[in-house]
Amino acid sequence: MQSSLTLSLSQSATASTIPKSNYTLNHALRFPPSKHINLRFCGLRREALLGSYSLSRSHSLQNKTLSKKINNAISASLSANGSAPKSFDYDLIIIGAGVGGHGAALHAVEKGLKTAIIEGDVVGGTCVNRGCVPSKALLAVSGRMRELQSDHHMKALGLQIAAAGYDRQGVADHANNLAMKIRNNLTNSMKALGVDILTGFGSILGPQTVRYGKLDDSPGNTVTAKDIIVATGSVPFVPKGIEVDGKTVITSDHALKLESVPDWIAIVGSGYIGLEFSDVYTALGSEVTFIEALDQLMPGFDPEIGKLAQRVLINPRKIDYHTGVFATKITPAENGKPVTIELIDAKTKEPKDTLEVDAALIATGRAPFTKGLGLDNVQVALKNGFVPVDERMQVLNFEGNPVPHLYCIGDSNGKMMLAHAASAQGISVVEQITGRDHVLNHLSIPAACFTHPEISMVGLTEPQAREKAEKEGFEVSVTKTSFKANTKALAENEGEGIAKLIYRPDNGEILGVHIFGLHAADLIHEASNAIALGTRIQDIKFAVHAHPTLSEVLDELFKSAKVKAHVPGPVSEPVAV
């Protein structure tokens, strides 16, 4: 997942010494629609609408206090922010040591840049510590439990299993230990390559100048760099009216610690975050109630895939749902009383129901962590909390012009809130600052939801493709294949699922691929790489796939597409969103 601004390490920098390198060169919608904001968490890719709730609500009171302190410190230490330094401590400084910052740092070292990364909490950011990594550990457990608990599945394989059980603390330890291992791996890899890790909260003092230090009014340390990358990530978005106590009303950050498994939990938001946690909780014995502001569950998915996923992932399980409603107020459990959730109709705003549950998980997406960055010192204004950037991730000032030598990647720019997107953006930036112009095609970046079975996608949904086709005047075709026809899936007794291809029959351009089924998250990359490389269907049809493997689902998918013969027409240029 995403990089985070507040990161920590055992290595620290003193006020008088700057370390030197050996190298010489960042659901359910709970607000009325009016403005767009990306709410995405690791595998989360969906457009949501923001209305009366301000993104500043996504930052806790603590973050507001810290921002004020940092701004005071910046004001105290800033003398002439309009002048760029004549010499530099580093070629590249990265603020934020999450997956995006880490990827950029490693690529920068490979390119010969003297590089430093600033962090104030833990290396790895949201993805490693509070997102992708620990959540996949929990989902691995839920997958095993779900399989062992299915008598029908086991009998079909000829297996007999006694009643399956689990140790809650052991499951929690598995997630925590995995996060710790990956965090240590990231830290060690940077240190081994000579990346200087500067401990503290980073902020922009002026052109090519960064302050880092403690969260107080002290001046901290000042360092300079030829180029600066902001990679500060995101935090859970908590809408107005919801009181989070971290125990009975929780965000994904709290849920990943698995301090309890409630008998009945309400999940506000049915996007990627909510869907994955519903998989975990129901496998461990909880009953789940979804609260979704839109009229259908899983609004960010291709509608056909979402409909099938609901039939498999929700309807047979201990899950009920309320759609078309906002949770206007959620009160934590206290003194023996349950968590109370007040619902209103999303359209009429009339009171609709009050729920009483054991716990509530707020899965309404992520908001950028961009407060206190000092961007106003270089004439940059946030847009809905996000750092404005162009297609090359270069930060834009008040007038919409690029700020020289300043870039922003990952969740904090809002283009695509996925950990691997942040890393790809970071690599793209490093390519540019080392002399090779590079524009990342965001439509080639895949996303996945790690339920059982999994959901994955790349490119456009069918409605998006048809809207684009209507505007630009071309035809759209759709073809599908089933996992029920795949030998490997049947051998695993996991034949539930489909793959869907959306394409242009005139020139063979792949517009989108959506997969629901066994190991969908692994299968999507053949399609994403084809989009990235501009490979047309008439060419990829000749690719050879091992038999029997799940990859043959994609093989059959591409072979079933009907492209008009001998019709020239280049695939569209990469699109930067």
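Each Cβ is built from the backbone N, Cα and C atoms, and glycine gets one as well.
For His547 (active site, proton acceptor), the count of additional Cβ atoms within 10 Å of its Cβ stands at 10 [all protein chains shown]. Taken from TrEMBL, the feature active site, proton acceptor applies to His547.
According to TrEMBL, the feature FAD binding site maps to Lys136, Gly202, Thr232, Gly233, Ser234, Asp411, Met417, Leu418, Ala419, His420. The number of other CB atoms found within 10 A of the CB of Thr232 (FAD binding site), across every protein chain shown, is 36.
Annotated NAD(+) binding site per TrEMBL: Gly269, Ser270, Gly271, Tyr272, Ile273, Gly274, Leu275, Glu276, Glu292, Gly365, in sequence order.
TrEMBL lists Cys127-Cys132 with the feature disulfide bond. Neighbour count (other Cβ atoms within 10 Å of the Cβ, all protein chains): 32 for Cys127 (disulfide bond).
The domain 'Pyridine nucleotide-disulphide oxidoreductase dimerisation' feature in TrEMBL is assigned to 445-556.
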Could you tell me the C-alpha distance between Ala419 (FAD binding site) and Cys132 (disulfide bond) in angstrom, no decimals?
8
Whole-number Å distance between the CA of His547 (active site, proton acceptor) and the CA of Gly271 (NAD(+) binding site)?
34
In this structure, the one of the binding-site residues Gly269, Gly271 whose CB has the fewest other CB atoms within 10 Å is Gly271
Most Cβ neighbours within 10 Å: which of the binding-site residues Glu292, Ala419 is it?
Ala419
Compute the C-alpha separation of Glu292 (NAD(+) binding site) from Lys136 (FAD binding site), stating it in Å without decimals.
24
